[in-house]
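**Student:** So Swiss-Prot says this about it:
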- 1-19: signal peptide (SIGNAL)
- Gly37: site 'Reactive site' (SITE)
- Asn62: N-linked glycosylation site (CARBOHYD)
- 81-85: motif 'Secondary area of contact' (MOTIF)
- Cys99-Cys110: disulfide bond (DISULFID)
- Asn115: N-linked glycosylation site (CARBOHYD)
- Cys124-Cys144: disulfide bond (DISULFID)
Amino acid sequence: MRAAGTLLAFCCLVLSTTGGPSPDTCSQDLNSRVKPGFPKTIKTNDPGVLQAARYSVEKFNNCTNDMFLFKESRITRALVQIVKGLKYMLEVEIGRTTCKKNQHLRLDDCDFQTNHTLKQTLSCYSEVWVVPWLQHFEVPVLRCH
């Protein structure tokens, strides 16, 4: 116990005489833009966000029995987190298009439904995990209502 008290006193003495860690060291850490493990708000028009939103829509289209394809109409919120790749957390509005699933068209070429009986918009929350160096993506969470 006495050795621990001596060590504590020595550390306090050193820090008080040296002034502790330099302010530059602390400010570099605090000013870091993205810290591993912490979600950070990102612009909704960021290319990575747009691609992650498209992955979400593709998963939605593959999981539903709707005869028409949906595509993203608006990304309302986007977060990114560094976790063995990038994890995007997105709030996206998706809309039914005029393209039928069996037509295999590019989603960018599909217009949104204007027919009131066929028009449908859903709000979705998705998490998309992207590992760029492995060209791997996964959509573990997708909820639409």
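Using N, Cα and C of the backbone, Cβ positions are placed for all residues, glycine too.
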**Student:** Whole-number Å distance between the CA of Cys144 (disulfide bond) and the CA of Asn62 (N-linked glycosylation site)?
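**Tutor:** Here the two Cα atoms are 14 Å apart.
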**Student:** Per DSSP, to which secondary structure element type does Gly37 (site 'Reactive site') belong, with helix, strand and coil as the options?
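**Tutor:** The residue in question, Gly37 (site 'Reactive site'), is coil (DSSP, three-state).
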**Student:** I need the nearest neighbour of Cys124 (disulfide bond) among the recorded positions Gly37, Asn62, Cys110, Asn115, using C-alpha distances.
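**Tutor:** In terms of Cα distance, Cys124 (disulfide bond) lies closest to Asn62.
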**Student:** Using the alpha carbons only, what distance in Å do you get between Asn115 (N-linked glycosylation site) and Asn62 (N-linked glycosylation site) once rounded?
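**Tutor:** Asn62 (N-linked glycosylation site) has its Cα 23 Å from the Cα of Asn115 (N-linked glycosylation site).
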**Student:** Can you see whether DSSP assigns Cys110 (disulfide bond) to helix, strand or coil?
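**Tutor:** Reduced to three states, the DSSP call for Cys110 (disulfide bond) is coil.
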**Student:** Between the Cα atoms of Asn62 (N-linked glycosylation site) and Cys99 (disulfide bond), find the distance and write it as a whole number of Å.
**Tutor:** 14
**Student:** Sort out the sequence-distant neighbours of Cys110 (disulfide bond) for me: same chain, 6+ apart, CB within less than 8 Å of its CB, listed by position.
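**Tutor:** Same-chain residues close to Cys110 (disulfide bond) (Cβ under 8 Å, separated by 6 or more) are Leu69, Lys71, Thr97, Thr98, Cys99.
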**Student:** Which has the fewest other Cβ atoms within 10 Å: Cys99, Cys124, Cys144, the disulfide-bonded residues listed?
**Tutor:** Cys144
**Student:** Going by DSSP, is Cys124 (disulfide bond) part of a helix, a strand, or coil?
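**Tutor:** Strand, per DSSP.
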